[in-house]
Amino acid sequence: MASVMEDPTLERHFKGHKDAVTCADFNSKHKQLASGSADKTLMIWNLNPKARAFRFFGHKDVITGVQFSPAGDLVVSASQDKTVRLWTPSIKGESMVFKAHTATVRSVSFSHDGQRLVTASDDKSVKVWSVHRQRFVYSLNQHTNWVRCARFSPDGRLIASCGDDRTVRLWDTSTKQCINCFTEYGGSATFVDFNTSGTCIASSGADNTLKIWDIRTNKLLQHYQVHSAGINCFSFHPSGNYMISGSSDSTVKILDLLEGRLIYTLHGHKGPVLAVAFSRGGDFFASGGCDAQVLMWKTNFDSFDYRDVLSRHSQRVSPDPPPHLTDIYPRGPHLHSAQSGAIEISPMVADTQTTAPAVIEVGQTLYTATTAVNGHANNLPARRIASTILNPNEDCHSSGQGSTSGSQSGQMGGRRGEEQGMTYPLEMRSDLPMNFSSTLERIVQQLDVLTQTVSVLEERLTLTEDKLKECLFNQSQILLQVRGEEKDRRRERVEEEREGESGSPVASA
């Protein structure tokens, strides 16, 4: 190796979810980390230790996938409630709902230009959606069992998908056809993704294996069997030189893809690891699992800038230009055995014992605190509220030192809300008892039902009015037609009478 290896270290741990953490992703533009959980909530963690975290409500079942848009201004999440939600990260908790599939949605991902979404579902389909038009575009249907994961290639011309039918499929986004199928799996294929150059895809399986394929030649390049249980997820380092994987054996493994060996095994979770993700710069990576924790690690083992490393190993990493559709031909699978001699290192990682950040809950019943200044009620503008989430440093400077306990943070949040007119959940106001807030939540839920009922009635009234207008119009047309026919008959009678009168004198003569 050209770089000096240093052990990864645990930077922070985030505690706020009440159930298993199933997915995670870093924001490319802001210092944020998003995570989804079996507790049905989406959380956005600010990497600044003094900043607050945000919990978003909306999904009605387990969240299975989450990802920031390339621009960092949107977050998309998938769920077992059969929907996909596109969130605008603001304290209002607004989201656009895509009724995506007829069964559980297992994964969702942005294209690299941020224009499209691809989803995978238990209904055996892969679907593509338009982000800006917020509508369905097309579907890919050749999997014969649940589809676990789907990802766009970096150039957007290919989609890779995998599922419980033990296959990994490559799709051409222009023709909507499956152009290749890899079948060398002893169990379900659980996760799939492209490397940063788009020349290779990696896939993991429930059979404890992780495989990397060259999609230009359809050859199996590397085959790892380093876990003792099924692999749930993995993530490429931006350089393409390293990969992290999370498994049901409770470990995170770090692989050196240039050397083709295991270099680290991290024991930080108490239970299966369900999510791993590198940051966009590769300097951090996150892991989440059934212990309801999100751990953020500092990479360290790649001391050089990854662009320099990539250029030094360009002949080994990318001997050819990125793939073209004309270079990919369906061929038979190639049998390769797992590489032996992998070196396993288990570094001792010290917990930093950082305090859990204050959490603001968004999307439930909200209480708006406003104060009268010079006789006018002032509310915090929506743009300022959104910047509070996307730019936590501003909020940190404006609010002073962060609190170290939930009660202190709630009191400080209440004072700041009264001063700035911010919106806070009822649970954060100490002067409202829990039973009162739960009663208000039920009332609001009933009001929502009434609102939906009223909207349905309005739609029915509108349809009735339209039908009545149409009936009146048809009746008027019929009346006009009848009147026209009567006029025609009268004219015919008058003409007949005139003809009779003119013919009578001739007859008498």
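Even glycines carry a Cβ here, placed using N, Cα and C.
Remember, predicted model here, so these are calculated numbers, not experimental data.
Per TrEMBL, the features are:
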- 14-48: repeat 'WD' (REPEAT)
- 56-87: repeat 'WD' (REPEAT)
- 98-139: repeat 'WD' (REPEAT)
- 140-181: repeat 'WD' (REPEAT)
- 182-223: repeat 'WD' (REPEAT)
- 224-265: repeat 'WD' (REPEAT)
- 266-298: repeat 'WD' (REPEAT)
- 391-419: region 'Disordered' (REGION)
- 440-467: coiled coil (COILED)
- 484-496: compositional bias 'Basic and acidic residues' (COMPBIAS)
- 484-509: region 'Disordered' (REGION)
Chain residues outside the repeat 'WD' (266-298) and at least six past its termini with a C-beta under 8 angstroms from it:
8-15, 17-26, 28, 33, 35, 37, 39, 45, 47, 229, 232-239, 244-254, 306, 346-347, 349
The recorded stretch from 56-87, 98-139, 140-181, 182-223, 224-265 sharing the largest number of CB pairs under 8 A with the repeat 'WD' (14-48) is 56-87
How does the model score the repeat 'WD' (224-265) in terms of mean pLDDT?
93
Give the residue counts of the compositional bias 'Basic and acidic residues' (484-496) per reduced DSSP state, in the order helix, strand, coil.
13 helix, 0 strand, 0 coil
Could you give me three numbers for the repeat 'WD' (182-223), the DSSP helix, strand and coil residue counts?
0 helix, 23 strand, 19 coil
Secondary structure tally of the repeat 'WD' (56-87) (DSSP, helix then strand then coil)
0 helix, 16 strand, 16 coil
